[in-house]
Amino acid sequence: MKKLWMLAALLLLVLTAACGGGEQSSSGDGESSEDGNWQPDKNIEIVAPSGAGGGWDTTARSVGKIMEDEEIVEQSVGVVNKPGGGGAVGWSYINSTNDPHNIFVSSPPLIFVPLNGQSDLTYEDFTPLSNMIADYGAFAVAKDAKWDNLNELFEDMKEDPSSVTVVGASSPGSMDHMQFVKIAKAAGVDIKGIKYVSAQDGGALTQVLNGSADVYSTGVAETIEQVRADKIKVLGVTSEERLDGEVLSQFPTAKEQGIDATFVNWRGFFGPKDMDESAVTYYEEKFKAVSETEEFANIRDQYGWDEMYMDSEEYQKFLKEQTDELGTLLEELGLGQ
Amino acid sequence: MGALDGLMQGFQVAFSLQGILFVLIGVVTGTLIGMMPGLGPISAIAIMIPVTYGMNPSSALVMMAGVYYGAVFGGSTSSILLNAPGISGTVATSFDGYPMAQRGEAGKALAIAAISSFVGGTVSVVLLMLFAPALAQVAVSFGPPQYFALMFLGLTAISSLSEGSTVKALISATVGFMVATIGIDAQTGTNRFTFNNPNLMEGVDFLVIALGLFALAEVCFLVKNRKDQSLSKQGDIGNLRLSKQDFKEMKGPMTRQSFLGFVLGVLPGAGATIASFIGYITEKRIAKKPEEFGKGSIKGVAAPETANNAATSGAFVPLLSLGIPGSGTTAVMLGAFLVLDIQPGPLLVTDRPEVFWGIIASMYIGNVFLLILNLPLIPYIAKILKISRPMLISLVIIFSLIGVYSISFSTFDLYLLLLFGLLGYLMRLFSFPAAPFILAFILGGMMEQAFRQALTASGGSLMVLIEDPVSIALLSISVLSFIVPIIRNRVRQRADHEGTEQ
C-alpha cells in the first residue's frame with residue numbers, strides 16, 4: 001500500500017516537474033551573459049515555508065526589503081508564504097518548480113524534519129546559497145525554582161532524568177527538544193529518560209509559570225521580557241560566548257558552566273537542486289552585500305541575532321556536520337528514521 | 001494610583017481625535033472583513049499589519065485591536081445569513097441564527113447578535129479595565145490537567161447538541177475526533193493518517209471543516225430542494241425591531257455569558273470558541289424550554305454571541321499582561337505588536353502605559369461604534385438573502401473557496417473542502433448532526449494534547465487529572481450534566497407512566 005502511494009506521489013511529482021519544466025522554457029532560466037554571469041530576468045521569489053509572523057517569515061521579509069531598498073538586486077523581491085508540514089510543503093514547491101528565481105529561507109528544521117521521517121526531501125535536495133544569521137537557545141525555569149545554574153539542574157537529572165519535565169513549542173525530535181538534549185548529553189545526563197512536553201500557542205511559557213513543567217527550552221529572544229519582569233530565570237544559553245545586549249549579556253553560556261556543547265539556530269537561504277554555478281555566485285554576492293548593510297545590522301540587534309555569514313561551500317560542509325551530529329543524537333533517542 | 005493615572009492616560013489616547021479616527025477605521029475594516037464568509041480575525045489582522053508600518057504605536061495598536069474585535073463582531077453575519085461560519089467562535093451562533101433566518105427573521109437574528117455582542121464586549125471591557133493586571137495570575141493558573149477537564153466539560157455538549165438520535169450524534173463526534181488526529185502528532189512527532197502527503201502534515205484546518213460541513217452542505221441541500229416552496233420565506237428579512245419580550249429573553253444569557261465568556265477568554269487556548277459553545281450549552285441546560293434551542297431560539301443566538309465577544313476582550317489579558325498569545329489570532333496580533341517594536345508582557349503596563357491603557361480605553365468607543373454601525377446596516381446586509389437563489393449559491397461557493405485558499409494558499413485544501421462538503425451533505429441526508437462533529441474536532445485535538453501533556457509530566461499516573469480542586473470541580477460538573485438529564489427523564493417518564501396508568 002505504501003509503495004503504491006509512493007508511486008502515485010512520484011508520478012505526480014514527475015508530472016508537475018514536467019509542467020514546471022514546460023513553463024520554464026518559455027519564461028527562461030535567467031540570462032547568462034557572455035562571461036557566464038547569471039542575472040535574473042524576472043522577479044525573485046523568496047518562499048517562507050511557514051505562515052506570516054514566524055522567524056522564517058521575518059528573515060525572508062527583512063532580507064527581501066533590504067535587497068530592494070538598497071538596490072542590491074535590480075528586480076523586485078517578493079516573499080511568498082507556503083505553510084505546512086513544518087516546512088515540507090514549501091520545500092516540495094521549490095523542488096517541483098525548480099526555477100533559480102525561486103529560493104527559500106530555512107533553519108535547523110530542514111535537518112530535523114527529514115531525520116524524523118516527516119519529509120523525503122533533505123538539504124541535499126537543494127543548493128545552499130548563503131547562511132545569514134545565528135540565533136541561540138535558552139533554558140529557563142520559574143523564578144522560585146530550586147536550580148540556579150545548569151549544573152545544579154543536570155546534577156538532579158543525572159540522578160533521575162525523569163524528575164524534570166522540559167517544555168517547548170516544537171515537536172519531539174525538533175529544535176526546542178534537541179537543543180536541550182544536546183546540552184544535557186554533554187553534561188552526562190541519560191537523554192533517553194528526559195521527559196519532553198510539546199505545547200503550542202504560548203502554552204510552554206504558561207506551563208513553566210504555573211509549575212506544570214520545570215524547564216522552558218526556547219529561543220533567547222523569547223525569554224528577555226519575562227526575565228526583565230522577574231518571572232523566570234535563564235540557567236544557560238547555547239551560544240559559544242555571552243551575547244550582546246543589556247539583558248542578554250547576563251545569561252551564562254553552557255560552555256562557561258563547564259558543559260562543552262553549543263547549539264546554533266542558523267538561518268540562511270537555499271535554491272533548488274542543480275543550480276547553475278553562476279547563479280549560485282550571483283546569490284552569494286547579493287546575500288553577502290545584504291549581510292554587510294547597516295540596515296541588516298540593526299535588524300540583527302533588534303531580534304538579538306548574531307552575524308554568521310557562510311558562502312555556499314562552507315554552508316554545505318556545515319550542514320553535513322550538523323546532520324551527522326543530530327542524526328546520531330536522534331538515533332540514540334530512538335526517534336530517527 | 002498608578003493604574004488610575006495610566007487609565008487617564010489611556011483615555012487621553014483613545015479620546016483624542018486621532019485615537020477615535022483609528023478606532024473607527026479599525027472596527028469598520030474588522031466588521032467588513034469579518035462579515036465575509038470564510039474570512040475571520042486572522043485574515044483581517046494579517047491584512048492590516050502592513051498598514052501600520054511607521055505609524056504611532058498606540059494609534060496603530062488601537063486600530064489593530066479594533067480590527068480584531070470588529071471581525072469577531074461581524075463574524076456572526078455569515079453564520080446567521082448563510083450558515084457559513086468564518087471563525088470557530090461563531091459556529092455556535094449558526095445553530096439558532098440560521099434557523100431564524102430561514103424562518104424569515106434574519107433581521108431580528110442579526111439585531112440580537114449585534115446587541116448581545118455589544119453587551120458582551122462592553123461588560124468585558126469593564127472587567128478588563130478593573131482586573132487586567134490582577135487577572136494575569138488566573139491566566140496561567142490552568143495547567144494541562146485543568147485544560148483537560150475544561151475540554152471534557154465542553155464535550156458533554158455533544159449530548160445536548162444532538163436532536164433525535166444520540167447514537168448518530170456520537171458517531172458524528174467520533175468521526176470529528178478522527179479527523180482531529182490527522183497530521184504530525186505534537187507529542188511524538190509521528191505522522192498520523194497523512195499518507196506521506198505534506199499537505200496533511202499540519203492537520204486539517206478548522207475552516208475547511210466548518211465551510212464544508214455547514215456552508216457547502218447547505219448549498220447542496222438548497223440545490224436539491226430548489227423546487228420546495230416552503231424555503232421561499234428565506235428571502236424575507238422580517239422586522240428587526242425587538243419586542244420587550246425578546247429583550248426579556250435575552251437579558252439572562254447576556255448577563256451570565258458576559259462574565260463566563262470573559263473568564264474563559266482569559267485562559268490561553270480556550271478563548272472565543274469554547275466560550276461560545278459552553279455559553280450555548282449552559283443556556284440550553286438552564287432554559288425552561290430547551291427544546292426551542294436549535295430551531296431558532298433567541299437565547300441560542302444571544303448566548304454564544306455575548307460569550308464570544310466577551311472572550312475576545314478576555315484574550316487581551318494574557319496577551320497584554322503576560323505576552324502569551326492564547327490562540328492563532330492573538331499570535332498574529334502579537335506579531336503586530338512586535339512589528340511596532342512593542343513587547344507585550346508583564347512590563348508593558350509600566351513601560352508603555354499609554355499603549356496598555358489606550359487599547360483598553362479604546363474598546364469602549366469601539367464597541368459603541370460597532371453597535372451604531374451595525375444596527376442601521378442590518379436591513380442592507382440582510383438584503384443578501386434577496387439575491388436570486390442561483391446567484392446566492394454561487395457566491396457562497398466562491399467565498400468559501402476564497403476563504404480556504406487565503407489561509408493556506410494550497411489547492412489541496414480546496415479539494416478537501418469539497419470532500420467535507422460532500423460528507424456534510426451525506427450526513428444531512430441521513431440526518432447525522434454536523435454540530436457534534438465540529439465540536440469534537442475543535443475540542444478533541446486540544447483535549448488530547450492536554451491529556452498527554454499531563455500524563456507525560458506525571459510519568460503516566462492518571463491521578464494527576466484529579467489532584468486539583470479546579471479539575472475536580474470541572475469534571476464533576478461534566479458528570480452531573482450527563483446524569484441529571486437522564487434521571488430527570490426517568491422521573492418524568494415514570495410520572496407520565498403512572499399518569500396514563502391511572
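For all residues, glycine too, the Cβ spot is worked out from N, Cα and C.
Where the annotation comes from TrEMBL, it is an automatic prediction and has not been curated.
Features of the protein shown, as given by TrEMBL:
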| type | residues | note |
| --- | --- | --- |
| TRANSMEM | B:12-33 | transmembrane segment |
| DOMAIN | B:20-439 | domain 'DUF112' |
| TRANSMEM | B:110-132 | transmembrane segment |
| TRANSMEM | B:144-162 | transmembrane segment |
| TRANSMEM | B:169-186 | transmembrane segment |
| TRANSMEM | B:206-223 | transmembrane segment |
| TRANSMEM | B:259-281 | transmembrane segment |
| TRANSMEM | B:355-378 | transmembrane segment |
| TRANSMEM | B:390-408 | transmembrane segment |
| TRANSMEM | B:414-443 | transmembrane segment |
| TRANSMEM | B:472-488 | transmembrane segment |
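Only residues 6 or more beyond the boundaries of the transmembrane segment (B:390-408), in the same chain, are considered here, and those with a CB under 8 A from a CB of the stretch are 36-39, 42-43, 78, 82, 84, 86, 205, 207-208, 211-212, 215-216, 218-219, 222-223, 384, 414, 417. The largest share of C-beta pairs under 8 angstroms with the transmembrane segment (B:472-488) comes from B:144-162, of the ranges B:144-162, B:206-223, B:355-378. Comparison of B:144-162, B:169-186, B:355-378 by number of C-beta pairs under 8 angstroms to the transmembrane segment (B:12-33) places B:355-378 first.
When Cβ-Cβ distances under 8 Å to the transmembrane segment (B:206-223) are tallied for each of B:110-132, B:355-378, B:414-443, the top count falls to B:414-443.
Averaged across the domain 'DUF112' (B:20-439), pLDDT in this predicted model comes to 87. Across the candidate stretches B:169-186, B:355-378, B:414-443, the maximum count of CB pairs under 8 A to the transmembrane segment (B:144-162) is reached by B:414-443. Highest Cβ contact count with the transmembrane segment (B:110-132) among the listed stretches B:169-186, B:355-378, B:414-443 falls to B:355-378 (criterion: pairs under 8 Å). Tertiary neighbourhood of the transmembrane segment (B:355-378): same-chain residues 6-7, 9-11, 13-15, 19-20, 23-24, 26-28, 31, 57-58, 61-62, 65-66, 69-70, 73-74, 107, 110-111, 114-115, 117-118, 121-122, 125, 128-129, 132, 240, 313, 316, 320, 342, 348-349, selected by CB-CB distance under 8 Å and a gap of 6+ residues from either end.
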